[in-house]
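A.B. asks: Found this in TrEMBL, in case it helps:
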| type | residues | note |
| --- | --- | --- |
| TRANSMEM | 21-41 | transmembrane segment |
| TRANSMEM | 47-66 | transmembrane segment |
| DOMAIN | 382-565 | domain 'FtsK' |
| BINDING | Gly400, Val401, Thr402, Gly403, Ser404, Gly405, Lys406, Ser407 | ATP binding site |
Amino acid sequence: MHDDLDEPLRLPAAPPAPPRPGLPVAAAIVPVVGAVVLWQLTGSPTALWFAALGPLMAIASFADGLRSARRAKRRARREAAGALVDLGREVEERHAEERRRAWRRTPDVAGYADDPDEIWRVVPGRADVIVVGRGAARSALRVDGDAQEADARAVRRRARTAGDMPVHVPLEAGIAVSGPPVLAAAVVRALVVQLCLAQAPGQVRLVGDAPALAGDGAGGAALPHAAATRGAVVFAGSGERPVPADADIPIVQVAEGAPPPPRCAAVLTLEVSAGGAGAGDPHAGAADAGDESAIGGGAGVMLARLDHDGTSRRVRVEAISQAQAGRVAAALAERAATLGQRGDAAVAWEDLPAAGSGAGGVGVDGGGGSGSLAAVVGVSGGEPVTLDLVADGPHAVVIGVTGSGKSELLTTWILAMCRSRSPREVSFLLVDFKGGRTFDALVALPHVTGVLTDLDEDRALRAVESLRAEIRHRERVLEESGARDIAEAAGALSRLVIVVDEYAALVAVHPGLHDLFADIAARGRALGMHLVLASQRAAGAFRDGVLANAPLRIAFRVTDAADSRAVLGQDDAVRLPGTPSARGTALVRAAADAGPRTVRIARAGEQAVARVVRDGATLTPARRPWMPPLPDRVEPADAHRIAGSAPRAGEVVLGLADEPEHQRQRVVVLPEDAAGVAVVGGPGSGRTTLLRAIAAQATAPVWVPADAEGAWDAVAGLSSATRGAVVLVDDVDAIAGRLGDDHAGAWLAALERGCREARARGITLVIATARASGPAWRLLELLPHRALLPLANRADHVAAGGESADFAAGAASATPGRGRWGRTLVQFSAVPGGAAMSGAAGRLDRAPLLSLSGIHPLALVAPPGADLGALRAAAERAGRRVVGVGEAGASTIGAGDVVVGTPDGWIAQWRLLSEAREHCTLVIDAACAPEYRAVTGRRELPPYAAPGARRAWEIAPGAPARRVTLPG
């Protein structure tokens, strides 16, 4: 074992060359010198033979030196070779230790299987790479020393490279696996499982459509990372669709020969032998068809070519079967559950405990009341999750795409709050602006004051606007009780929870409600009014005034990171899984939370809803914060009963006003001190019906008939109307059209006079018209009050004095009698028709028959022809002497004479005409209306006479003209 792999090894020094033995000169000379000295001393020549010993000894010593040097050289070489062998063993040992440490630092699936304690351990560098296989890698081992020998150079080369090392690429490089589909899927599966073994759910989350993750339910779909809501996105793809833009770590299977996605920088190309296994590797086919027996408990390997970073190399890659992946997924799921990192499975609401207790029934205070709205809505990490609009709120916003579980949350949350509280503690106003079906099952709850939908938009808008009055009502109750907020009011008020599904749709249609909800958000905590506003998106829906006062944030899956950031402050909601199995998974963040937590919202089934409804059947329903819709018909006798008010003697009920902003419906009566009322409405709007109702209630009604003669007479008689009379004129513009220009102008002028003098004379005029233009507009300007019934278009409505925003088109204007009194919506009164109108009209005189009897002289004026002849014949039958105007000449008209002539004939006899004006009764056929002034010498118009009805004007001397009927 080597504790320090950085300590370098040293090559043994090369053995030194042995010194060359020197020639022993001294040893050779000394014997020669000795022999010479001995010869001189002894003189014996024999002594000179000793001189030969020197060279012999020198030669022998030199030979012995050569032999010793060779022996030392061989010994040094043996020692150097041994040292290299020892060094080689040291290199192998160090490589083994380096390999062990490398695999411990970055294991593959087999490595995690051998040492499960390494799963999800935080190891420096492990989270940055992924092992794609095993192969040779440059070693960190250093070998110092001079490698002069080939063996030493070989050892140094061997030390540079370690075999069977983990080959990894940067985690975010992206990996494409190309090869036979089954084998490529097994490799992708191994890479994904390795990544899930290395990093816990939340560090990475798993998405994708690769076949490696499909099948028997024991593969990737069961990995807890697939339910994670945050972390780097691991995309395991089949190559059939592009790598998503938000994928951080793509691992993609591609078909053989197909180009890898551009996002994948590393490509593994599997090398399969003719037999189908991986390049001779005995374990290469282990993953094929999930044959677990072929690989025992470990993973199979096969050869592949790795192309990355401009280089290509062969590696042995890991492959695992679906069964093996299933066992790993089950183990990881169990580990995640232990550590609280597992995505929760779907749960039924009825299986959850009540907040603050193990059980609770409707109407039983389970820790709720004015101080709490705690409700268990789901689970997180297997533990119940409680939301409290009082403690966590006072308001909440909910976002999520369609089908993510918003509506299920709202239903569950409402039921949970009703579970242990009575309607005296909490009530609900439910608004559904996405089709009207979300809250159908909750209508029967006594806590629910009403369910409003966009299918009845007017009713929904009226109810929501009633919340302004609810704010004032609660402020008044708190003031009367001396309380600062609802918690101090001692049960005087119940908490009101306003739940809006598709809030964005509501405020898009009615943008003025932004201010209302902002006001509730600002003052709701003290008043006990709570908002739960749900929308598919946050952008454009929630304004700052709402968000600032709604600290409880709930986000289901969204598609736009900006929506997630607006609600949660981070992008996590974009990463929530969108699979059907993940429906109901949400991120919840309260004001005190450092970050959102993942919650699986419980689903309340029909039986659970029915049980809560059944338990609350005996409870008193909650007070409704708005009035019911106006009835389609209101009779005067019923108006006060509906409004809850007492009638006053002599009043004329005009209708029932709807005032949702004051939470009331009040009776509208005819103002006693006003000059009159203008009624403007198109055909079928209820205009005539309203006038009949007024006439039926008035003590002195004067109904102006619709025919021109009766209308003229009625208006002409206004000067004699008694105090307290109510004069009713219907369809004034149509009547004026029937009168002709001269009479219409005079008639309208008389009406104008009546309007100006009405208050002083104590009479009231009610004038109705189909349009506020033409001859009627001057009359309308003189009347201080106006009832606007449905008109054909917005322009007519505005011209009649209405506000453009109040115009109701289509079905909204289909109710007869529904209109505006000022800006207030009113259902105007109605009575059984006919009687009142006939009674009023019967008081008006008609044209009497002209009497030709008597002795008073008559001057008859008629057009030439049959009409003139008929008059002569009638006078003769009456026993009168009939004289033609030409026959009389300039003589005086005698008593009892009837002088008959045409307008031209009379004008031609001007003296006779002057006498007739002074002493005779003039009778002028209405057909001679153009010559009326010339014949009579009078400027004022006579009473209107209908043409073709044998009408005439009878004018006695000094008397006004009177309409009569000529004898036939």
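The backbone N, Cα and C atoms fix where each Cβ goes, glycine too.
Predicted automatically and left uncurated, TrEMBL annotations should be read as such.
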A.B. asks: Taking the Cβ of Thr402 (ATP binding site) as the reference point, list residues of the same chain whose Cβ is under 8 angstroms away and which are at least six residues distant in sequence.
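C.D. replies: For Thr402 (ATP binding site), the qualifying residues are Gln536.
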A.B. asks: Quick one: among the binding-site residues Gly403, Gly405, which has the most Cβ atoms sitting within 10 Å of its own Cβ?
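C.D. replies: Checking each of Gly403, Gly405, the winner is Gly405.
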A.B. asks: On the three-state reduction of DSSP, what should I expect for Gly403 (ATP binding site)?
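C.D. replies: The three-state answer is coil.
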A.B. asks: At a 10 A cut-off on CB-CB distances, which of the binding-site residues Ser404, Ser407 has the highest count?
C.D. replies: Ser404
A.B. asks: Relative to the mean position of the Cβ atoms of Gly400, Val401, Thr402, Gly403, Ser404, Gly405, Lys406, Ser407, the recorded ATP site, which additional same-chain residues have Cβ within 8 Å?
C.D. replies: Gln536, Phe556, Arg557, Arg583
A.B. asks: Across the whole of the domain 'FtsK' (382-565), what does the mean pLDDT come to? Round it, please.
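C.D. replies: Across the residues of the domain 'FtsK' (382-565) the model's pLDDT averages 89 on the 0 to 100 scale.
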